[in-house]
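**Q** The structure under discussion is supplied below as structure tokens; questions concerning it will follow.
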Amino acid sequence: MLPYPQIDPVAIALGPLKIHWYGLMYLVGIGGAWWLASRRLARFDASWSKEKLSDLVFWVAMGVILGGRLGYVFFYDFAAYIAEPAKILRVWEGGMSFHGGLIGVMLATWWFGKRNGKSFFELMDFIAPLVPIGLGAGRIGNFINAELWGKATDVPWAMVFPTDPEQLARHPSQLYQFALEGVALFTILWFYSRKPRPTMAVSGMFAACYGVFRFIVEFVRVPDAQLGYLAWGWLTMGQILCLPMILGGIGLIAYAYKRQPVQGAA
């Protein structure tokens, strides 16, 4: 068993003002995505300025935050938030959904594309390789917060999390997700998007790979207490939400290569 590193979730405390590592991870993800996007901008559209790119990143970030919060409300704990709607605004208490954030990003991308003469999938293909930076940073934030841990296990790398009332050795599922959704997904999309691909293919690859990775990790991750398993003693809400991503991603890739020749890389 490995010892859990006791990291204070509060990174900086200035009197009553407390800045948490989880919030800083959002900044790392957004900043890293902007930096990488700026390096790829000329290949995407040489006429775009850094200011326009910053606008895109801003609206995508808003989509992540608003969509992530509302997605958690609707997908994971709807009854509790309907009973007390003011809880929706108490974001410091936790509760963000990747799938809600993805919907928020898609809406923000569609809106931004309409205003700037770009199709939805042109922008999504450009954005997709940037997303794993934020995903990886977010999972590190989950690990520091000692939340979203895995099932009890006797593997050599199991950890006892301080927030676990049972104090059992568990899978560090946050680190599994960091490795898969962050490192592996970034590597796949980075190399896949370096070569010319038809529009929609990069978006499809992102959706399919993320869906598969998340579906796998859900087998060792403890489901949200208020939901538990939804069917057959193992199916979680996360897995249900990943199924359309996997099927839709595969469908997008197949359709992309069928409908058009390869164009410039995103």
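From the backbone N, Cα and C atoms, a Cβ is placed for every residue, glycine too.
Small disclaimer: the values here were computed from a predicted structure and weren't measured.
Annotations for this protein, taken from Swiss-Prot, read as follows:
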type: TRANSMEM; residues: 10-30; note: transmembrane segment
type: TRANSMEM; residues: 56-76; note: transmembrane segment
type: TRANSMEM; residues: 92-112; note: transmembrane segment
type: TRANSMEM; residues: 120-140; note: transmembrane segment
type: TRANSMEM; residues: 172-192; note: transmembrane segment
type: TRANSMEM; residues: 200-220; note: transmembrane segment
type: TRANSMEM; residues: 234-254; note: transmembrane segment
**Q** May I ask for the residues of the chain that lie six or more residues beyond the transmembrane segment (56-76) and have a Cβ under 8 Å from a Cβ within it?
**A** 26, 30, 33-34, 37, 88, 91, 95-109, 111-112, 116, 123, 127, 134, 224, 226-227, 237, 241
**Q** With Cβ-Cβ distances below 8 Å as the criterion, list the same-chain residues six or more beyond the ends of the transmembrane segment (10-30) that contact it, or say none.
**A** 57, 61, 65, 92, 133-138, 140-142, 144-145
**Q** Against which stretches of its own chain does the transmembrane segment (120-140) lie, if we need a Cβ under 8 Å and a gap of at least six residues from its ends?
**A** 22, 25-26, 28-30, 32-33, 36-37, 40, 44, 56, 60, 64, 96, 98, 105-106, 109-110, 112-113, 174-175, 177-178, 181-183, 185-186, 189-190, 193, 197, 199-203, 205-206, 210, 266
**Q** Using a Cβ cut-off under 8 Å, which residues of the same chain at least 6 positions beyond either end of the transmembrane segment (172-192) come close to it?
**A** 2, 128-129, 131-133, 135-137, 139-140, 142-143, 147-150, 157-159, 202, 205-206, 209-210, 213-214, 216-217, 220-222
